[in-house]
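Engineer: The following feature annotations were taken from Swiss-Prot:
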ACT_SITE  ASP48  active site, nucleophile
BINDING   HIS43, TYR76, TYR179, LEU200  substrate binding site
Amino acid sequence: MSRPRRRGRDVHGVLLLDKPQGVSSNDVLQKVKRIFNANRAGHTGALDPLATGMLPICLGEATKFSQYLLDSDKRYRVIARLGQRTDTSDADGNVIEERAIGFSATDLELALESFRGTTQQVPSMYSALKYQGRKLYEYARQGLTVPREAREITVYELQFIRWEGDELELEIHCSKGTYIRTIIDDLGEQLGCGAHVIYLRRLQVAIYPTERMVTLEQLAALAEQAQTQEHSLSLSLDSLLMPMESPVIDFPEVNLPPVVAGYLKLGQAVQAANAPLNGMVRITEGDAHKFIGMGEIDGDGRVAPRRLVVEFPV
């Protein structure tokens, strides 16, 4: 029996969506998928409904490499409300404690310094991490607290922007798995007044340029202009996409002659000139350096296929 035909276009690449406030990451993912009429789509790390900013959305074959963006560094701009702590550590939650603001500028700098570098962070109960098969926020909504292991995070840069009254603004460049809400909650406790997030914007993921972000409104306008005709859609929308290999562009490249690449596509490990001694590599084919997927250097120094792109007829 033949496989059922997938609905939608074979469109491949990464869209840098400027996520609006007040909607979930999955909601905007589905909207982008419909606008592009794409057969496959996936985002690369959810943003809270309150948050805005860069949400890379992988389409088609690019979804195979979304994990590499989940593992990448992020940069955020955050504004905290001082003097109030909420159950979710952001403005979407309920205020559970109010305290006076009584710290000095010196106290603030000392507190900020303690978050720079590599530290251990206990995730919020209001997160999508799982405990015994259920997401933490499902327990939290039932008023339950379950054990969470501290996880290692790295804050590469924590820049003070401003402190005015009960508002504190920071810019944070951090490693994967860092919860900005938790940093703000922990900072509020160190300062003795409590704090929660009232504004959060993701400025950057990996090395993707901020100026390449597009809004849902811009996408919808282009799609309407194209009158949903497939050829017009590709001309109007596909030019907005980053290449499908962009999530793995920082990995070492191994370029294979077409004949050798053919064996790799059949699942065989192959010898390659100038390959690194170990680790994951980005594999390209021929003089055009066409991206064909990711491989790993095996114990014999050969390139073994790990995640390859399916080739579609043009």
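Every residue gets a Cβ built from N, Cα and C, even glycine.
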Engineer: Between the Cα atoms of LEU200 (substrate binding site) and ASP48 (active site, nucleophile), find the distance and write it as a whole number of Å.
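Structural biologist: Roughly 9 Å, rounded to the nearest whole number.
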Engineer: Mind computing the max CA-CA distance among HIS43, TYR76, TYR179, LEU200, which the record assigns to substrate binding, rounded to whole Å?
Structural biologist: 18
Engineer: Just jot down the residues in the same chain as TYR179 (substrate binding site), at least 6 apart in sequence, with C-beta under 8 A of its C-beta; none if empty.
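Structural biologist: Same-chain residues close to TYR179 (substrate binding site) (Cβ under 8 Å, separated by 6 or more) are GLN121, PRO123, SER124, SER127.
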Engineer: May I ask which residues of the same chain, at least 6 positions away in sequence, place their Cβ under 8 angstroms from the Cβ of HIS43 (substrate binding site)?
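Structural biologist: Residues satisfying the criterion: SER25, ASN26, LEU29, LEU55, PRO56, ILE57, CYS58, SER66.
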Engineer: If one measures from the C-alpha of TYR76 (substrate binding site) to the C-alpha of the residue listed as 'active site, nucleophile', what distance in angstrom results, rounded to a whole number?
Structural biologist: 13
